[in-house]
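A quick write-up on the structure given underneath.
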Amino acid sequence: MSAPSAPATESEFLSPDAGQKPPGPTPSQSRFQVDLVAEAAGAAEERSPNSDTSSAVASGDGAAPAGPAECPGADPGACGEEAKGRFRVVNFADPSGAGSEASPEASPADGLQNGDTVMSETSLHSSTGGQHHYHYDTHTNTYYLRTFGHNTIDAVPNIDFYRQTAAPLGEKLIRPTLSELHDELDKEPFEDGFANGDELTPAEEAAAKEAAESKGVVKFGWIKGVLVRCMLNIWGVMLFIRMSWIVGQAGIALSCLIIAMATVVTTITGLSTSAIATNGFVRGGGAYYLISRSLGPEFGGSIGLIFAFANAVAVAMYVVGFAETVVELLAGADAIMTDEINDIRIIGTITVILLLGISVAGMEWEAKAQIFLLFVLITAIINYFIGTFIPVKAKESVGFFGYHGSIMWENMGPAFRGETFFSVFSIFFPAATGILAGANISGDLADPQLAIPRGTLLAILITGIVYLGVAVSTGASIVREATGNVNDTISSQFRMNCTEAACNFGYDFSSCKTDKESCHYGLLNDFQVMSMVSGFGPIISAGIFSATLSSALASLVSAPKVFQALCKDNIYPGLAMFAKGYGKNNEPLRGYILTFGIALAFILIAQLNIIAPIISNFFLASYALINFSVFHASLANSPGWRPSFKYYNMWVSLAGAILCCVVMFVINWWAALLTNVIVLGLYIYVSYKKPDVNWGSSTQALTYHQALTHTLHLSGVEDHIKNFRPQCLVMTGYPNSRPALLDLVHSFTKNVGLTICGHIRTGYRRPNFKDLANDQSRYQRWLLKNETKAFYTPVFAEDMRQGTQYLLQAAGLGRLKPNTLVLGFKNDWRDGDMMNVETYISMIHDAFDLQFGAVILRLKEGLDVSHIQGQDECLSSQEKSSGMKDVIVSIDTSKDSDADSSKQSSKATSLQNSPAIQKDDEEDGKATTQPLLKKDKRSPTVPLNVSDQRLLEASQQFHKKQGKGTVDVWWLFDDGGLTLLIPYLLTNKKRWKDCKIRVFIGGKINRIDHDRRAMATLLSKFRIDFSDINVLGDINTKPKKEHVSAFEEMIEPYRLKEDDMEQEAAEQLKDSEPWRITDNELELYRAKTNRQIRLNELLKEHSSTAALIVMSLPLARKGAVSSALYMAWLEVLSKDLPPILLVRGNHQSVLTFYS
């Protein structure tokens, strides 16, 4: 972190140990100074033993090792290491434990800024008073390593520059900044931060720290981590208990179609998962991480919560499936403990406690248990297939005859009994879920980018083939219905009349068609057919146990991992306690306990027929969003979407997302509706809370893409009067320094037109463009935080007028360009340099030259509140935590050669109400021009005087709801209708809707009724509501003498009085002071002067109680009316009145009564 010259307190905070004095040239040799690489052995001896983190930057180019000559007396081998220290290392433990080469300032800087200290090689200048700091010249010192054989600090490409965290993968290095390479040698270096988008959330920093400190972390490869886990999860109870029943109902052909449909959905989702998983480094959190980083926190947060919950309830579903099988075996052995329901509860509770124990023991134990369960499961499947090839006479009466063409042909078509194709599909589909079991533990995979695509897709392929194999084999060897009675045989002479496949083997099961109760066997009636067919029945029971327990175990691990990742991102603030991890593997023990609690609650219900479809729908919602993520990212066409897995297609992913939604409604329409309502509710909640995260989501990319497309499209369309909207360039300076001006303009442009807060920064110093960029992003955040729909655009210029011309010409984009300049009235114009008035009036002339409208707001209390300390503290939490720079800014540096302290008091007053000027030298001299920054805690808080108190109150008046007042529109001159449009837009807003519009127009005494009717007709044609129309017949009456004399007294100091001096002297004075009022122009414009004075009298008479006055701005001909006279007109017209808005459009129609 670089610091400009700081006082002693900061010096002590940042300074290195004065005792360390490495040899080298003196600071005077070069003004561009970089710290020495403290090489190998020497640095190790000087460093304290426990210093294994380096948070400072040493210099050198990390390209070639130093030669022996460069480190006399040291071990050449030690010197030969790469000089990683040249680059800033962001406070992570060195994996070797020895620490990287540290520069002399390594130790004292530890712990600065939450452990993320970054110090550049130029961070502590020798010019800083009181610091013992030594600098070395890159060009004369041989300690510096070379890039391509040249002494340069420019760095070659390196993967470590692109890391977000140190993690165990390597150190986070920071390349030299552009400022370090480009700035002039005598210039203070800029403060360096992370590149945009590389900031880490506190959760990520903590995760990185844990990752760096951990040793011996268990990481899985693609087989153990993904393939095994996915296969176990996909092969559920359905394989053994329901697959044969599905074949009986739907037949072999439709069963294969059902399996194919489910596999298509899972395969498309698998491809989409692979694409997202290979588009960058994947951290823990599985489906939640993939969706949130692709579509943003709104979708990610809603899916993450229901996905974690679905996994927790799935534990209960699988455990109850296991308990039911155990209870059936107990019933067969006549060993029921109490009754069936309570036995399921007892066995389920004991089972889930054992599973919790395995999970809490750690991922390594859980993985070993999974391998064992997979072995049992595969043995059971092989056992079944072996059994199908061994026909046993005793099994024929229960419908098993071995493979035969006639059986296969009979079972080819459907024979639905109380079911439909889609109801059978909905029963099978949960058996195909579980493809995210591997992705859910992405944080525990050694290489998620390789493991997730390979393991997931292979698991889908293997399990799909096995499901098809079981469907075909059962359909080809077992009849649909059998009585189980060995006496139901048929003699050969009666076989001619028997058409069923069983007849070919001498059995007649035709009685099943009439007497359903007597048939308990066959594909349709016996769920345990596979156990009966298999070579050794008990192995199938073991397979069922294995399938249920492995799925339960996978879900028990997935749920806490996903939930932990969700909590770490702090999207739901109340859940932060579950983010904490324990042990070397960062195990979410609190999440395990929560999952255990949810699972136990559902196990105690022991009836999951209602909850099961909801779980399937929750999984399907996740699949739909993963597919949609890929489509969305491809559609957004972001350069950051570059998956290394190429076998995906955006339209296939979209089809997959639609398929998932269709399947949701096919399985259970009310559960699908409920799922959508929950997702939508959570989405709205997260959108409303707006978590402070930036993950570079595709939503962001698509928003940009659409904005660009629409802006370009808009540029090709000609403007039309009906679509005119005021697009205002508001000269606010810092947006929070003139709140009343911004609030009023925002009131009539919000959701209607564009608002740009212009800020011209002038001064004697060279412009600091980095500060300008920082201010731009900071104040834009401030506008967003205050829900002000505006853009902040600062520019550097030599003077105010030049800066205004820059903004008038260049601000905006395409059709989104300002068309109206809004200024604050210069209340203090008589107190300061009159050239400021010349500049101010020239800005108005420039606006008219560029065909802009002009609007001036005057409050009698003034507008600028930036001189009031502490009036606005609006730093974001990030800025508060890294507030070091802000403290330094507020230090008094009035000794600066550019800051003339004798002028500052006058400057502060003369610029107090100027529209946009903020001098850089003023910023250096005092902290008052940046109310956004937190004030130095040491400065005493000064109680506000009465005028400041009034100013603060007045500055907030447009921020609150206006009462039942009036908006008085003095539409004296037709400017195209802007004077009328602005009050109409204002009174349409919620804050102003109770105010009525009163219209005042000029007229002749003998035509008052006629003029009123004409104006009423015009307003009704414009469809603008008004409460009253006043025609001012006495507008041309002469003003009161005391008011005229007061005006003359006001302009007296600014008159040229050319009649009292030589012509040449008068011309010279007019050239040097162009604002002076000549006697000739004063006489020429006497009538116009009197009109302004008279209008002020009428305003006081008619509108002294108005909430706001909107009045036509008087025009002054450029070059004919001096700026002092024009300013005096504006002064006398608007003084001692309620808030007044002087408006002049560009004399092109902005209102129309045509449709």
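Just so you know, the numbers here start at 1 and follow the chain as drawn.
Including glycine, each Cβ sits where the backbone N, Cα and C put it.
Here is what TrEMBL records for this protein:
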type     : residues : note
REGION   : 1-78     : region 'Disordered'
COMPBIAS : 60-78    : compositional bias 'Low complexity'
REGION   : 94-133   : region 'Disordered'
COMPBIAS : 95-109   : compositional bias 'Low complexity'
COMPBIAS : 114-130  : compositional bias 'Polar residues'
DOMAIN   : 137-190  : domain 'Amino acid permease N-terminal'
DOMAIN   : 225-729  : domain 'Amino acid permease/ SLC12A'
TRANSMEM : 226-246  : transmembrane segment
TRANSMEM : 252-278  : transmembrane segment
TRANSMEM : 299-320  : transmembrane segment
TRANSMEM : 344-365  : transmembrane segment
TRANSMEM : 372-392  : transmembrane segment
TRANSMEM : 421-443  : transmembrane segment
TRANSMEM : 455-479  : transmembrane segment
TRANSMEM : 539-559  : transmembrane segment
TRANSMEM : 592-612  : transmembrane segment
TRANSMEM : 618-636  : transmembrane segment
TRANSMEM : 648-671  : transmembrane segment
DOMAIN   : 738-1155 : domain 'SLC12A transporter C-terminal'
REGION   : 894-944  : region 'Disordered'
Cβ contacts the transmembrane segment (226-246)/the transmembrane segment (421-443), at least three under 8 Å, sequence gap 6 or more:
yes
Counting only residues 6+ away from its ends, which parts of the chain sit with a Cβ under 8 Å from the transmembrane segment (539-559)?
229, 232-233, 235-237, 239-241, 286, 308-309, 311-312, 314-315, 318-319, 321-322, 325-326, 329, 351-352, 355-356, 358-359, 363, 366, 369-370, 373-374, 376-377, 379-381, 383-384, 434, 436-437, 440-441, 528, 530-531, 591-592, 595-596, 599
The transmembrane segment (648-671) vs the transmembrane segment (252-278): 3 or more CB pairs under 8 Å:
yes
Kindly say whether the transmembrane segment (618-636) and the transmembrane segment (252-278) touch, using the definition of 3 or more Cβ pairs under 8 Å where each pair is 6 or more positions apart.
yes
When each of 252-278, 299-320, 344-365, 455-479 is checked against the transmembrane segment (372-392) for Cβ pairs under 8 Å, which one has the most?
455-479
Rounded mean pLDDT for the residues that make up the domain 'Amino acid permease/ SLC12A' (225-729):
83
What same-chain residues lie close to the transmembrane segment (455-479): Cβ under 8 Å, and 6 or more beyond its ends?
222-223, 225-227, 229-231, 234-235, 239, 243-244, 246-247, 251-252, 255-256, 259, 263, 266-267, 270-271, 273-274, 381, 384-385, 388, 399-404, 407-408, 410-412, 431-432, 435-436, 438-439, 500-502, 509, 522-523, 529-530, 533
Do any residues, 6 or more residues outside the transmembrane segment (299-320), come within under 8 Å Cβ-to-Cβ of it, and if so which ones?
236-237, 285-289, 291-293, 344, 348, 351-352, 355, 440, 548-549, 551-552, 555-556, 558-560, 562-563, 565-566, 569, 571-572, 594-595, 598-603, 605-606, 608, 611-612, 614-615, 618-619, 621-622, 625, 629, 675, 678-683, 685-686, 691
